[in-house]
């Protein structure tokens, strides 16, 4: 037999073997898909029941269902790992096997997996049920929704906002801190068991694209793309930041620096994530009709169902399907009125078996109107790829899923669309001023959130990479917040806080960079769909409603799910494989030009040195080694606790003696910032009754003077080694300048007199006697009998007059 025949037979044998392997893999996946859909549905349903009725019983049922799903998935993942991907040529089979070979949290031991689930459930419960109570009326308590969110959305009372902001972080963030520390350790262990460097790397793996030549994308490219696009966006953000700062100075004139960062609690919501609610305070042209149509919705008696029905009409108008009957039956579109505790944060659910739902405590506002479009966009994506195999039912990447609803929101927010549904009057006329009003409102929501999103995820990536030590998490959080976002903490926080976890997405284990990438994608999609809709004019005026051409182009992409690389899906819609920020910048170009003109006499950018509490802070310097030598002790958290307690004692004494008031100051009312290793720091004091009431620095100084000796004794130091800068030491007279004007005049007069006396008696008095006589003239205490000595009580050791602390 010739060599060519042997070669042909070999190729046939290889092809046959390969075909058998693929048939076996396909059979395995078909069986998996059927079983997975049933178990996944049961787990998702139990999770839905818990999120819409938070009880111990429902938590237990959710954990049991999740454990069954996890055990099944772990078993199937191990079987999938027996298939060599190199032997699989069918792209669809290969993609499913690769996904299944990633075992997720099942890679942990059963005990650690159970521990992780318990931590996640506990964090979710703390977040969803956390309350902030009024210290003056402990029965008056506020949930986040409804309650605190309303204060942060509408109040212009600086102190009330600060009370809500601090209360949420003190009550919820502090509880989450130890749990979040465990969460980071376990999630990193899980990620490394799945061959990722850390959990941040695991999240970025969602953006990997491979298998199709020219469309590859690795997870490290995501970091580069985010960094580069942020540099392009930053000039627009800086202009917006400067404009908002100027406007907030008009509302809070005593609390804003014209060159500094913005206080975090003044930015429209609990986190400063979206600045949408700042629009009433920052509207450029107030004489124009209000493009926030909340009042019109209320006046027309809109309710939650009307909001979602209107969103559905939008999707149907571009050729996408209606919601299923089960959607309207099973969704939770308003907060229950039966005292159930629920997770109000808006989310879209694809439970499986064609069961699609939305959970949202809808309010009749324009913001919620747009949120409804966003959440229904998720459902449209879910329905579009429902026919894909179970493992490919997902967005091309996580940012795509978030972008779909945002595309519709861009159109739904336009004055043109709002007029068409009767929320703006038919005689509403668009001009340059209404255009700027509209674009500013859009920018407060879209541009204002980008640095927030970028910075939060960068911080988490660094935490997962162990680049930020655990004992510096909060410190680094606020350093990055100041530097990147231009936002400052209104009160200093130590490492007992977990401010990042006070946001739903952090405490509930969501990747967050999706909200950054989605913003880039949504404008790329919008530009392409507007071209399909044959829109003529600026991008910000485009409304794609009623364009089935645009809808079909979008649907073609949605139906792919995760069956191919996202770079290919992006190219199919926009003609490019890469994230591109230019459509976003083009959308806001008229606003950018206007902002630069408005800010021509203002500082653009920010200094990171200023803080709202700086003026009332006192600086402390402590010199342990120079004072105690070999006996010097280390300045630890315990020493700082003792210092804060001693200041609280001084405040109690001061208010008791000087004001005849009993005020229960505690160490928690003494706030420390800018702690340096050598040791120095700043501190100020707030009222125990109201954290937003900062005690004037002058009163704190008086309290320190009154108890200075006691404080020194506590630490074994003195006025020179425990320095309160700006407070004169109390164990010696206050410092006075050596030369003053009155003393100069007095000296001239006395000098003339002395000269006359000297001339008269110079021949009879010796030089030394003359010198002593001159000193006597200048010494008001010369009459005292120094030999006896007189005790000055003001210079006695404080221990003689007071008991030790």
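All residue numbers here begin at 1 and follow the chain in the order shown.
Cβ atoms here come from the backbone N, Cα and C positions, even for glycine.
As the structure is a computational prediction, the values presented were derived from the model and not from experiment.
Taking 546, 772 one by one, Swiss-Prot attaches N-linked glycosylation site to 546.
Site annotation for substrate in Swiss-Prot covers 273, 345, 346, and the matching candidate from 515, 516, 521 is 515. Swiss-Prot annotates 374, 378 as Zn(2+)-binding residues; of 398, 402, the candidate listed for that same site is 402. Around residue 375 (active site, proton acceptor), the C-beta neighbours below 8 angstroms that are at least 6 residues distant in the chain are 346, 347, 348, 358, 360, 405. Nearest neighbour of residue 660 (N-linked glycosylation site) by Cα distance, taken over the glycosylation sites 90, 546, 601: 601. Counting every protein chain shown, the Cβ of residue 690 (N-linked glycosylation site) has 15 other Cβ atoms within 10 Å.
With respect to residue 53 (N-linked glycosylation site), the closest of these glycosylation sites in Cα terms is 299, chosen from 90, 299, 546. Here residue 299 (N-linked glycosylation site) is compared against the glycosylation sites 90, 601, 690, and the shortest C-alpha distance is to 690.
For residue 82 (N-linked glycosylation site), the nearest of the glycosylation sites 90, 432, 546, 601, 690 in terms of C-alpha separation is 90. The DSSP secondary structure for residue 546 (N-linked glycosylation site) is coil.
Over all protein chains present, the Cβ of residue 432 (N-linked glycosylation site) has 10 other Cβ atoms lying within 10 Å.
According to its DSSP assignment, residue 82 (N-linked glycosylation site) is coil. DSSP gives residue 601 (N-linked glycosylation site) a coil state; it is part of no helix or strand.
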